[in-house]
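Residues annotated as Fe cation 1 binding site in Swiss-Prot, with sequence analysis given as evidence: Glu64, Glu94, His97, Glu178. For Glu94, Glu146, Glu178, His181, the entry in Swiss-Prot reads Fe cation 2 binding site.
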Amino acid sequence: MTTQRHYSPIDRLLLQADMAMRTLLPFSGQPYRPSPAIVQPEAQMSDEDTRHVAGLMRINHTGEVCAQALYQGQALTAKLPQVRQAMEHAAEEEIDHLAWCEQRIRQLGSHPSVLNPLFYGLSFGIGAAAGLISDKVSLGFVAATEDQVCKHLNEHLEQLPAEDEKSRAILEQMRIDEEHHAETALEAGGFRFPAPVKFGMSLLAKVMTKSTYRI
């Protein structure tokens, strides 16, 4: 029989600060699972392809920064304990993606986006606001966000050079995990967002992808 842990508001604030540092500081996010890229050979790519892949992986890394902040914000304001636990568990799984993307970016001779703190703060606020409205809306936001992430992953998989098996292995596993997160959120009672809301979310996502591809 497992014992549910109860945290005071100060405890939760300290946990949020710890998670923020683990998300934003270089090399601080330690994955729970080894990177799928480990077993893949390093490809010989042109400088142009290497820069392009680094840009794609930088976008994906920032996407995971946003996911971390979103889940943490929702966990802070979630009303039901089981929803809070689901948000915290999803955030732990996203740590893997965060670390895998950063590892790959470094292997490609590049760096994460300097805009990550900005996007973390914005996403944390959105997540906390969604949690304040209702757990149903909060879970629905997770599902809609993960759907958007999967679309980006599919686009990036199509753009990867055929020989880059390392990046491909990472993105394919990320897609599997994100699809599972979306399904779990809906099964837990998440609200299915209408198309206009999803369209607005896609416009915001474009701002992130365009800005973080290079910086």
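Glycine is treated like the rest: Cβ placed from N, Cα and C.
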Sequence-ordered binding-site residues within 10 Å (Cα) of Glu146 (Fe cation 2 binding site), taken from Glu94, His97, Glu178, are Glu178
If you count the other CB atoms within 10 A of the CB of Glu64 (Fe cation 1 binding site), including all protein chains displayed, you should get 26
Cβ neighbour count within 10 Å, max among the binding-site residues His97, His181, goes to His97
Looking only at the binding-site residues Glu64, Glu94, His97, His181 (Fe cation 2 binding site) has its closest CA neighbour at Glu94
The number of other Cβ atoms within 10 Å of the Cβ of Glu178 (Fe cation 1 binding site), counted over all protein chains shown, is 25
Fewest C-beta neighbours within 10 angstroms among the binding-site residues Glu94, Glu146 belongs to Glu146
